[in-house]
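Visitor: Have a look at this one before I ask anything.
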Amino acid sequence: MNLSATIILAFAMSMDAFAASIGKGATLYKPRFREALRTGLIFGVIEAITPLIGWCIGLFASQYIMEWDHWIAFSLLFILGCRMIFEGMKQRVAETEKMRSHSFWVLVTTAIATSLDAMAIGVGLAFLQVDIVHTAMAIGLATMIMATLGMLIGRYIGPLLGKRAEIIGGIVLIGIGFNILYEHMHLTA
């Protein structure tokens, strides 16, 4: 795979993380650049690791994992999305009571859920002549950049939307989950 194809793949793989991080940024009380960078790093590292895992799986057991990856991603995103919607529907909270940061595990779970498609890509890359390490690094870097930008964009969208931002963020996560299911069903049909 040439450099331009790798860059296009990397940024395409980062779009789920970008959308999810906009929702995450919108639900925080004035997230700082440090929080945005932390989110970007978590998403980027996980998004870089998953194609490597997928590549290894592709070498050994692709038919088994491909049957379930979309259901795992959908379930995680659906649960997280429902949780965000539920929190957004609770009694309105003053701006000063909004969270200052998301927990590490919430970010990791969201990052894993949005990166399972990168694992599936890694499975496919196992059958091509690619430098998987450089490709995974490009995917991780693009995701880090896009997730950081998403958090910063969410910072400015959040005050405009108030608590609705959390509901919208939850809907976005559920939508990403349904999109993963749709793409899988469409590809297997």
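The backbone N, Cα and C atoms fix where each Cβ goes, and this holds for glycine too.
For reference, Swiss-Prot lists these features for the protein:
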type: TRANSMEM; residues: 3-23; note: transmembrane segment
type: TRANSMEM; residues: 41-61; note: transmembrane segment
type: TRANSMEM; residues: 65-85; note: transmembrane segment
type: TRANSMEM; residues: 104-124; note: transmembrane segment
type: TRANSMEM; residues: 132-152; note: transmembrane segment
type: TRANSMEM; residues: 167-187; note: transmembrane segment
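Burial and contacts for the listed features, if you can.
Guide: Only residues 6 or more beyond the boundaries of the transmembrane segment (65-85), in the same chain, are considered here, and those with a CB under 8 A from a CB of the stretch are 23, 27, 54, 57, 106, 109-110, 112-114, 116-117, 119-120, 123, 166-167, 169-178, 180-181, 183-184.
Listed by sequence, the residues of this chain that lie at least six past the ends of the transmembrane segment (104-124) yet keep a Cβ under 8 A from its Cβ atoms are 9, 13, 16-17, 20, 24, 38-39, 42-43, 46-47, 49-58, 62, 65-66, 69-70, 72-73, 76-77, 80, 132, 136, 139, 143, 173, 176-177, 180.
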Visitor: As a test: from 3-23, 41-61, 167-187, pick the stretch that has the greatest number of Cβ pairs under 8 Å with the transmembrane segment (132-152).
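Guide: Highest pair count goes to 3-23.
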